[in-house]
Structure formats: C-alpha cells, structure tokens
Amino acid sequence: MKRPLIAVLNGPNLNMLGMRQPEVYGRATLDDVEQICIQAAERLDVAIDFRQTNGEGELVSWVQECRNRAQGIVINPAAYGHTSIALLDALLAVELPVIEVHISNIHRREEFRHHTYCSRAAAGIICGLGVRGYAMALQAMTDMILDENDR
Ligand code: DQA
C-alpha cells in the first residue's frame, strides 16, 4: 500500500525560527523542524510535504491542494490562526483531519493569541511543547489515518 501523505504547513514568520524571540520559540530553525518531521515520518512510515509561507493566500491555496492529494494536514498557522477566516474555511473545505501546532503555549501569552479560528477545524491542538510538538502531531495524525483506514 502507498504510504499516506501528510502535509506539514507553516505560516508567517516561521522562516525566522532560531533568530526570532528565542526565549519564546527556542533556538531550532525551520530547517531543524523539517529534519524533525522527516525523521518522524521515516519512523512512522508516512510521506510528508513540508512547506512554509508568509502569504495568507498561498497558505489557503496549499490547504486547498491537499484535497484528494494528502490524507491529513498538520498546520502551524502562526498568526493567521488568530486572524484568518479564509484559512479556517479552506481547512473545513478539504474534509481532511487537521492537527494544529503551536510551538509556544498560546494560552500563557497575550489575550489575542488565546483564540484561533483554525481550532474549529482541528481534531486536536498541540501547543507549548516546543518544536517536538510537530513530531507528536505526526504521530497522532498517523494513528488517526490508520484508524480511519481500518474501518
Ligand atoms: C505560533 C504562535 C502564534 O501566536 C504566533 O503568531 C506565531 C507562532 C507558535 O508556534 O507558537 O507566529 O504559532
């Protein structure tokens, strides 16, 4: 059987990881995060498509592309999670399992970070566990896809 494909999508400013507010986001770079995801995917025997964009429209288009292509979406929407109804609508439209990841604990931070539109489309959210949250999300997504395939 073909390995399931999980899209790992990253929103704005995550290309600055490593240099951006290290006291909040840590020292790992986006390349490090990609390596963590590649290693997790090998262990789990799934394929991943890892991407980052600063553009809201591009992120929406990438989510749309996942329909009929990927089996699940792991997304760190970054600030668009807090602001973008367009992104929520795209996540709802693709009818795929979604796991939302935030490196920092958004509930410990400013009030405006406590709400995310994306969470309405998410099966689950991992936040505050640093970049290891991505590997945990891939593990959970793989379990969810396998459960679904067993039905
Ligand atoms: C973030 C949290 C968001 O509030 C913020 O806008 C980000 C990163 C995180 O991974 O902790 O850019 O999504």
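Cβ from N, Cα, C; glycine included.
Heads up, TrEMBL stuff is auto-annotated, nobody curated it.
From a predicted model like this one, the values you see are computed outputs, not experimental measurements.
Going by TrEMBL, these are the annotated features:
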- Tyr25: active site, proton acceptor (ACT_SITE)
- His102: active site, proton donor (ACT_SITE)
- Asn76, His82, Asp89, Ile103, Ser104, Arg113: substrate binding site (BINDING)
- Arg20: site 'Transition state stabilizer' (SITE)
**Request:** Could you round the CA separation between Ser104 (substrate binding site) and Tyr25 (active site, proton acceptor) to a whole angstrom and send it over?
**Result:** 6
**Request:** Consider only the recorded positions Asn76, Asp89, His102, Ile103, Ser104: which of them have a Cβ under 6 Å from an atom of ligand 1? Write none if no residue does.
**Result:** Asn76, His102, Ile103, Ser104
**Using Cα positions only, nearest of the recorded positions to Arg113 (substrate binding site) (Arg20, Tyr25, His102)** = His102
**Asked** So for Ser104 (substrate binding site), how many other CB atoms are inside 10 Å of its CB?
**Response** 18
**Complete:** Sequence-ordered recorded positions within 10 Å (Cα) of Arg20 (site 'Transition state stabilizer'), taken from Asn76, His82, Asp89, His102, Ile103, are none
**Item:** Rounded inter-Cα distance in Å - the residue listed as 'active site, proton donor', Asn76 (substrate binding site)
**Value:** 6
**Message:** I'm trying to understand the geometry here, so how far is the Cα atom of His82 (substrate binding site) from the Cα atom of Tyr25 (active site, proton acceptor), in Å to the nearest whole number?
**Reply:** 17
**Prompt:** Can you name the binding-site residues among Asn76, Asp89, Ile103 whose CA is within 10 A of the CA of Tyr25 (active site, proton acceptor)?
**Reply:** Ile103
**Fill in**
One finds that other Cβ atoms within 10 Å of the Cβ of Asn76 (substrate binding site) number exactly 26
